[in-house]
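Q: Please read through the structure below; I'll follow up with questions.
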Amino acid sequence: MAARWSSENVVVEFRDSQATAMSVDCLGQHAVLSGRRFLYIVNLDAPFEGHRKISRQSKWDIGAVQWNPHDSFAHYFAASSNQRVDLYKWKDGSGEVGTTLQGHTRVISDLDWAVFEPDLLVTSSVDTYIYIWDIKDTRKPTVALSAVAGASQVKWNKKNANYLATSHDGDVRIWDKRKPSTAVEYLAAHLSKIHGLDWHPDSEHIFATSSQDNSVKFWDYRQPRKYLNILPCQVPVWKARYTPFSNGLVTVMVPQLRRENSLLLWNASDLNAPVHTFVGHDDVVLEFQWRRQKEGSKDYQLVTWSRDQTLRMWRVDYQMQRLCANDILDGVDEFIESISLLPEPEKTPHPQDIDHQPSLSHGEEDAIKEDPPSSLLEEKRSDQLGLPQTLQQEFSLINVQIRNVNVEMDAADRSCTVSVHCSNHRVKMLVTFPAQYPNNAAPSFQFINPTTITSAVKAKLLKILKDTSLQKVKRNQSCLEPCLRQLVSCLESFVNQEDSASSNPFALQNSVTPPLPTFARVTTAYGSYQDANIPFPRTSGARFCGAGYLVYFTRPMTMHRAVSPTEPTPRSLSALSAYHTGLIAPMKIRTEAPGNLRLYSGSPTRSEKEQVSISSFYYKERKSRRWKSKREGSDSGNRPIKAAGKVIIQDVSCLLPVHKSLGELYILNVNDTQETCQKNATSAMLVGRKDLVQVWSLATVATDLCLGPKSDPDLETPWARHPFGRQLLESLWGDRESTRVCGPPLSGARLAHYCQLRDVQTLAMLCSVFEAQSRPQGLPNPFGPFPNRSSNLVVSHSRYPSFTSSGSCSSMSDPGFNTGGWNIAGRETEHISSPWGESSPEELRFGSLTYSDPRERERDQHDKNKRLLDPANTQQFDDFKKCYGEILYRWGLREKRAEVLKFVSCPPDPHKGIEFGVYCSHCRSEVRGTQCAICKGFTFQCAICHVAVRGSSNFCLTCGHGGHTSHMMEWFRTQEVCPTGCGCHCLLESTF
């Protein structure tokens, strides 16, 4: 270590430190240099007398280090290394690690101690999270802020204890720690990554950002669309921070080819040239901070650390400080005299957070006169930073591309002349700005010749302009551009009303006028006739999916409403014409970035030949800056437009009655129903579903072997007919009304429970278990091979939905394509009522069964009555299983899905007999001949030409569809599937 003194600075060299970060404590006594092996503590009062070391064992460099800014905690500092933060304690010449903060999953990019609360520390990381820690409880962060992109910078507000700012690539977000769910404000600050962010020391709304895009920008987050001022540079800016005195700013550039390693001191109110340059470092300046001002001294010291391994302390005397406060220092007396006339500051989004400053005493005013760069002077200056500092700057930043407006500005005379052309009218106005503008002093407006509007219109325009200007200047905001836009909008509105009234005094008022001759207007001639019914572009939507997720999208974060929330949103393209008058703007963008879009707001930029349509509703916003850097000019045209909102996937499985864990634990053992119910009850207990434990316990009792039905129907009534049999099970499904949402109403159900809960998981599992319990021995499903009753079985096919023979249990034919019917029937067709009042599924789904032997019918009825599941509701039970199988598929439980779908009933192929009996396709009555004697309709209808078939015809024996022989032959020369679209492969099933 060596020390060199000069009149300007102190240089201390640390040859082997390899430090990557530096910080100065709040007392101005010590600086810490963070190396990979050691932390070096330097006494700034005697830097040449040596330094102390704190050893550390880590393979990661320290990314950020900072002392606690509070005097009572001045011996604490924090250092980030990879994914953790170490809290060090330095006292009595020795240091140690107090505790470690661990929570981030990626590298920590920045940290910052709270200005008002000594126990709070905020950290930002690439993992998209910003954590606020309380060092009294370091187990987990007290507040977590989440963003889509990782944060590179985080800084607490120096005036508001609840606000902080973070940078994400080129964007800045303002957060309120009391509302961590979303950011208070979003700013699209730069086109490239932001390297530095710093709050103004005397204004809670102002901050500066430095970026890779070769610029430093000054912002007021109350006006997120436009920066207050900009400092253009030739190279990227590494850091930009405010000085503790006056209105200064220090910047460090990213050197190109190691040529520029100086620090520049700027006057923030005059950015034409730096007021001082700190030259001396031979390599990149990594960090710089200010020492606390010593008692009795007006000098400040700037401490810098560079990659050349030198620590330098630069003295900033009173004369240099005056360079950063030029115009304010000259008007100190005027400021003191007019301090009582200053308007109240604008309310922040949370007025209760503002700390009201006490009034000044006479002694304090004397101190201000003696020492101009005081906090009150800076506060006055910071109030002015909310807007362009001078009228000339406002003139330079104004958007002169307002249609039909010409503005002649004279900054020296503090006035401007505005000329507006609208239809056949011309308005010329002189606007004069007082010396106090915009500090609660509104400009004056005066119409001058030539002005062609009436006196009544003049009075209305003057009132509107005065109201608009007063609203702005009360908040110390500039008002020229808002007044110009208001002038144009109102004038166009008056002219439109005048034209519509004079063109036809007996016609009804029309809100959309014909094109004006002087400039492009939007008419009702839309792109096409159907455009009038095109809905307005959707800004949000939501959908649930079967896997337990909610997928929704919102409007882009870069857009917000320009009107009150009560303003209706246009629902069609024709309603959009109301916005073309310029009186209302549906949306406006939050940023001036050229790559962004904003919604059309009554300022058409297209020619008269172009028509309005939904596709032309969005357009690129015109650049408002008069100049741009070379980088922006070359890349902005090719940069992709990003105006879409975010698509968010939310896990809502906790709100659903189905559980993935239950799907994994449930079993279906067809060989032991008792074991299945017992194990499923245990699984329900594991996930905390006590109601399901009771259900499965009841199922265990109901499936006991001692309750099994007898084979002889005369011995006893089956247990399923007992009140605790089928009726108890149906009480779990739901009543008639509640089950309509799940499918057809269940017969005999009395209580509404699991269908009301939409618990398809429990419904499907119970159906599968009791289906397995009630299956006849050796029969795979209740619709197994039919007994050989070809002589007396009637299987009627109709145009109603029926299963096909494609091998899939879920493939069904479309009822709309069936044009004819057929049956394989016996000679006798009689219907005998059931003694139990039951109807079989075959009767409901496949036609009517006729028995020649009453005992055979009685046995079949007994088989139905001994089932715990009502065969009449088989279709609904199958729907439960298919729905649950779809959920299992989305969960990735394919084996469990296959087990459940095994219990879906598959209807058998229809019996193919020899005799043919014809049923009418309209009234379903038996027909002899080509015409029905009951309804007088034709029996057959060709599936190709849809004309009644009288002569030669051919029909498929599987699906029953057909038609004229010539038509069928022509169709199946090139096709293989039935022409009705039922999916039947007729050529494979029968021969034509």
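Any Cβ shown, glycine's included, is placed from N, Cα and C.
Swiss-Prot lists these features:
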REPEAT    57-98  repeat 'WD 1'
REPEAT    103-143  repeat 'WD 2'
REPEAT    146-185  repeat 'WD 3'
REPEAT    189-229  repeat 'WD 4'
REPEAT    232-276  repeat 'WD 5'
REPEAT    278-318  repeat 'WD 6'
REPEAT    319-362  repeat 'WD 7'
REGION    343-373  region 'Disordered'
MOD_RES   Ser564  phosphoserine
REPEAT    660-706  repeat 'WD 8'
MOD_RES   Ser839  phosphoserine
MOD_RES   Ser840  phosphoserine
MOD_RES   Ser848  phosphoserine
REGION    849-870  region 'Disordered'
ZN_FING   919-939  zinc finger
BINDING   Cys920, Cys923, Cys932, Cys935  Zn(2+) 1 binding site
ZN_FING   940-989  zinc finger
BINDING   Cys945, His964, His967  Zn(2+) 2 binding site
Q: Can you give me the Cα-Cα distance between Cys945 (Zn(2+) 2 binding site) and Cys932 (Zn(2+) 1 binding site) in Å, rounded to a whole number?
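A: So the Cα of Cys932 (Zn(2+) 1 binding site) lies 20 Å away from that of Cys945 (Zn(2+) 2 binding site).
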Q: Summarise the repeat 'WD 1' (57-98) as counts of helix, strand and coil residues per DSSP.
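A: Here the numbers are 3 helix, 25 strand, 14 coil.
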Q: Same chain, not part of Cys945, His964, His967: whose C-beta falls within 8 angstroms of the C-beta centre of the Zn(2+) 2 site? Give them in sequence order.
A: Cys942, Ala943, Ile944, Val947, Val949, Gly963, Ser966, Met968
Q: Listed binding-site residues are Cys920, Cys923, Cys932, Cys935; which of them have CA atoms within 10 A of the CA of His967 (Zn(2+) 2 binding site)?
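A: Checking each Cα against His967 (Zn(2+) 2 binding site), there are no hits.
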Q: Apart from Cys920, Cys923, Cys932, Cys935, which residues in this chain have a Cβ no more than 8 Å from the mean position of the Cβ atoms of those residues at the Zn(2+) 1 site?
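A: Result: Ser921, His922, Arg924, Ser925, Val927, Ala933, Ile934, Lys936, Gly937, Thr939.
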Q: Cα-Cα, whole number of Å: His964 (Zn(2+) 2 binding site) versus Cys935 (Zn(2+) 1 binding site)?
A: 22
Q: Should His967 (Zn(2+) 2 binding site) be counted as helix, strand, or coil on the basis of DSSP?
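A: Going by the DSSP assignment, His967 (Zn(2+) 2 binding site) falls within a helical segment, counted as helix.
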Q: Rank the binding-site residues Cys920, Cys935, Cys945 by how many other Cβ atoms lie within 10 Å of each Cβ and give me the one with the fewest.
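A: Output over binding-site residues Cys920, Cys935, Cys945: least Cβ neighbours within 10 Å is Cys945.
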Q: Kindly assign Cys935 (Zn(2+) 1 binding site) to one of the three DSSP-derived states: helix, strand or coil.
A: coil
Q: Would you pick out, from the binding-site residues Cys923, Cys932, the residue whose Cβ has the largest number of other Cβ atoms within 10 Å?
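A: The most densely surrounded of these binding-site residues is Cys932.
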Q: How does the repeat 'WD 3' (146-185) divide up by DSSP, counting helix, then strand, then coil residues?
A: 0 helix, 18 strand, 22 coil
Q: Count the Cβ atoms, other than its own, that fall within 10 Å of the Cβ of His967 (Zn(2+) 2 binding site), considering every protein chain shown.
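A: So the Cβ neighbour count for His967 (Zn(2+) 2 binding site) comes to 19.
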